[in-house]
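In what follows, a structure is listed as structure tokens, so that the remarks can point back to it.
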Amino acid sequence: MKLKDFAFYAPCVWGTTYFVTTQFLPADKPLLAALIRALPAGIILILGKNLPPVGWLWRLFVLGALNIGVFFVMLFFAAYRLPGGVVALVGSLQPLIVILLSFLLLTQPVLKKQMVAAVAGGIGIVLLISLPKAPLNPAGLVASALATMSMASGLVLTKKWGRPAGMTMLTFTGWQLFCGGLVILPVQMLTEPLPDLVTLTNLAGYLYLAIPGSLLAYFMWFSGLEANSPVIMSLLGFLSPLVALLLGFLFLQQGLSGAQLVGVVFIFSALIIVQDISLFSRRKKVKPLEQSDCVIK
């Protein structure tokens with residue numbers, strides 16, 4: 001098996017974030033967790049490497065901001081103002097946004113199977129979560145929508161732009177994590193004080209988020225994007241709430257209702273369709289993400 005075949009690793013690991021955050025990290029420090037997920041891993045990966053071409057710096061910053069920096073900041077802003085289920089529901093719209101952007105920016109045709117998978121996954125998310133009866137915070141809804149659009153745009157632009165000639169995937173991942181961390185850093189410093197005490201349990205949680213949850217996850221994610229369309233990758237995101245649900249059931253004594261089990265069936269149906277789309281795309285020989293040979297002035 002090749003790295004591209006492990007694209008599912010990233011959304012599965014990201015599905016553990018809520019469990020790790022609530023069980024291992026200091027309370028009410030989400031931006032610090034986001035910063036530690038991005039900046040240290042990025043520095044490790046680019047340390048000692050050559051600088052990218054000058055014309056690529058702005059592209060790497062845009063990709064890092066969309067895929068990581070803006071996404072994390074908006075996501076945590078929304079999480080403080082909305083129930084987690086609402087954030088997940090808004091996030092389930094991401095595949096539909098990616099389908100539209102792929103059509104507009106990559107001229108990829110819209111397939112019926114893509115739409116069916118996106119709708120099936122969205123229905124599954126609705127069944128997994130419980131929506132509140134109280135009015136929703138408008139600012140939280142806007143932030144959640146911006147987080148969803150940010151990651152969707154980052155996926156499509158990463159596919160469109162590729163990566164600089166001669167740059168390895170690890171280094172490409174590192175630059176995005178580094179640039180994303182630079183976006184998060186001033187927001188964290190201005191809005192969130194550091195914790196008074198950091199325990200060994202906290203350190204273990206931060207280490208997990210930084211290495212398996214970020215460095216390895218984003219490396220696998222971008223490697224998968226080389227061989228698959230952004231639509232397929234966005235549909236794999238439905239794995240995250242499934243993993244979160246499973247961890248809650250196994251370790252947090254959270255029960256499973258009949259509706260949630262039906263939701264699991266819908267999401268698995270969407271993932272089966274994703275596999276079918278992937279096989280179809282490979283037969284059609286969709287051009288993979290390549291290193292860019294263009295000279296940018």
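Positions of Cβ are set from backbone N, Cα and C atoms, glycine also.
As recorded in Swiss-Prot:
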type	residues	note
DOMAIN	12-130	domain 'EamA 1'
DOMAIN	149-276	domain 'EamA 2'
TRANSMEM	6-26	transmembrane segment
TRANSMEM	38-58	transmembrane segment
TRANSMEM	60-80	transmembrane segment
TRANSMEM	86-106	transmembrane segment
TRANSMEM	116-136	transmembrane segment
TRANSMEM	138-158	transmembrane segment
TRANSMEM	167-187	transmembrane segment
TRANSMEM	203-223	transmembrane segment
TRANSMEM	231-251	transmembrane segment
TRANSMEM	261-281	transmembrane segment
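With pairs at least 6 apart in sequence, the transmembrane segment (116-136) and the transmembrane segment (261-281) have 3 or more Cβ pairs within the 8 Å limit; the two touch. Counting Cβ pairs under 8 Å that are 6 or more residues apart, the transmembrane segment (231-251) and the transmembrane segment (116-136) reach 3 or more and are in contact. Segment contact holds for the transmembrane segment (38-58) and the transmembrane segment (203-223), given three or more CB pairs below 8 angstroms at sequence separation of 6 or more.
Between the transmembrane segment (167-187) and the transmembrane segment (86-106) there are fewer than 3 Cβ pairs closer than 8 Å, counting only pairs 6 or more residues apart in sequence, which means the two stretches are not in contact. Here the domain 'EamA 2' (149-276) has, by DSSP, the following mix of helix, strand and coil residues: 103 helix, 2 strand, 23 coil.
If you look at the transmembrane segment (86-106), the same-chain residues 6 or more away from its ends with a CB under 8 A from one of its CBs are 75, 78-79, 114-115, 117-118, 121-122, 125-126, 128-129, 131-132, 136, 140-141, 144-145, 147-149, 151-153, 155-157, 159-160, 229-231, 233-235, 237-238, 241.
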